[in-house]
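Below is one structure, written out as structure tokens; the observations come after it.
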Amino acid sequence: MVRKYFGTDGIRGRANGVITPELALKVGQAAGLVFQRGDHRHRVVIGKDTRLSGYMIETALVAGFTSVGMDVLLLGPVPTPAVAMLTRSMRADLGVMISASHNPFEDNGIKLFGPDGFKLNDAIEHEIEGLIDADMHKRLSGSNDLGRAKRIESVHARYIEFAKRTLPRQVTLDGLRVVVDCANGAAYRVAPETLWELGAEVIAIGTEPDGFNINRDVGSTAPAALIDMVRERRADIGIALDGDADRVLIVDEKGQVVDGDQLMAVVARSWKEDERLTQPGVVATIMSNLGLERFLGGLGLSLARTAVGDRYVLEHMRAHGYNLGGEQSGHIIMSDYTTTGDGLVAALQLLSVVQRQNRPVSEVCHCFDPLPQILKNVRYRSGEPLREDSVVSAIEHARERLGNAGRLVIRPSGTEPVIRVMAEGDDRGLVNAVVDEVVDAVTRAAA
């Protein structure tokens with residue numbers, strides 16, 4: 001299915017380039033029409049992160065939704081998982097998050113959630129795409145049937161309480177010194193407050209958004225500042241969220257980064273011991289390290305792999321009854337609690353394990369030695385470099401060289417014009433060589 005607007009995580013691109021007020025208006029109208037089912041008054045909740053362009057896109061979306069008769073509840077800056085949760089809690093027909101996640105401030109995006117709090121499937125996105133470019137003039141509501149917009153003031157308190165309730169009442173964070181990096185993004189208020197209310201000594205960074213500094217040298221894609229602060233303040237743990245707080249990485253007390261694969265390993269082992277896993281396994285993507293698969297195998301658990309994107313992980317979880325899944329990048333999905341990746345909730349579940357075991361984070365969180373894994377990105381302007389004969393030949397040769405000693409994954413990004421080339425295996429030299437071979441071929445084809 002060819003997509004014009006939607007990628008693997010909603011619609012995303014440069015603000016006032018791809019993501020224009022005109023497009024946001026049309027998305028609001030199209031999505032509003034698709035989700036006006038039944039004869040009740042329809043409503044949509046809209047949240048955003050802290051990008052400057054969020055104001056522009058929010059206003060255009062409001063115009064679009066209200067013009068087709070939908071009421072709008074404005075949440076302001078909140079994490080993506082808060083939008084998913086509040087869509088269900090407030091009985092909305094649709095939820096919208098304005099964010100480009102871990103991308104720089106120049107980008108923005110529009111993510112859509114259904115009334116059940118789950119991201120939309122491909123079929124519904126295709127239906128919306130079909131209406132975006134349609135003539136809306138005859139579909140607009142009459143003057144007496146326009147929607148209203150209202151700002152909701154209690155959003156942060158609701159989400160904080162929701163996050164806290166994912167822990168047993170007897171679990172506190174007393175005695176823990178926690179550094180939390182909010183990436184100058186959507187969780188800049190709720191994450192420190194939640195940790196403090198649970199009893200932690202909280203040191204917060206990345207909590208001064210100005211519209212331009214989201215993800216800039218902070219957050220889960222730039223953990224250096226968090227590592228330095230953990231070491232400087234002798235903290236027990238560091239928590240790095242991204243711009244919309246749907247992903248998380250951990251830094252242990254020694255300043256070592258713990259990625260999503262290790263987090264899934266920790267939780268899977270704990271939940272297996274507590275008989276909380278609904279299936280004997282975990283769902284991850286093709287990018288997760290082979291070391292995770294081997295570790296889980298040693299526990300008698302399987303690793304099911306999907307295409308890259310937390311939506312595909314979640315779709316597989318729902319279809320096959322899993323309650324734990326995620327991505328190496330830090331999207332951790334715990335479907336007992338959430339309908340999407342939730343960085344704060346994932347961090348709280350890890351902290352619960354740390355408190356129960358009463359051991360340093362470095363001893364709890366490094367469950368396996370990851371195999372050498374090399375990932376390189378090749379940017380291209382247009383065309384389909386992966387279809388070039390020279391690239392196909394290079395990929396086939398690289399796979400032959402790896403044989404059964406590793407994996408090679410080549411894929412286009414779903415959010416930017418980039419080809420990602422990843423290989424892993426027991427022999428680092430061989431892994432480097434096959435990645436370089438493919439990268440060189442793609443680079444020449446993309447020139």
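The backbone N, Cα and C atoms fix where each Cβ goes, glycine too.
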### Summary
From candidates Ser101, Ser352, Ser362, Ser382, Swiss-Prot puts in the same Mg(2+) site as Asp242, Asp244, Asp246 the residue Ser101
## Note on the structure
Cβ density check for Ser101 (active site, phosphoserine intermediate), other Cβ within 10 Å (all protein chains) comes to 32
#### Entry: Chain-internal residues near Asp244 (Mg(2+) binding site), provided their CB is under 8 angstroms and they sit 6+ positions away
Asp49, Pro79, Thr80, Met97, Ser99, Ser101, Gly185, Ala186
### Task
Give the sequence-ordered list of residues that share a chain with Asp246 (Mg(2+) binding site), lie 6 or more positions from it, and have CB atoms under 8 Å from its CB.
Pro79, Thr80, Pro81, Ser101, Asp310, His331, Thr340, Gly341, Asp342, Gly343
### Task
Count the other Cβ atoms sitting within 10 Å of the Cβ of Asp242 (Mg(2+) binding site), across every protein chain shown.
34
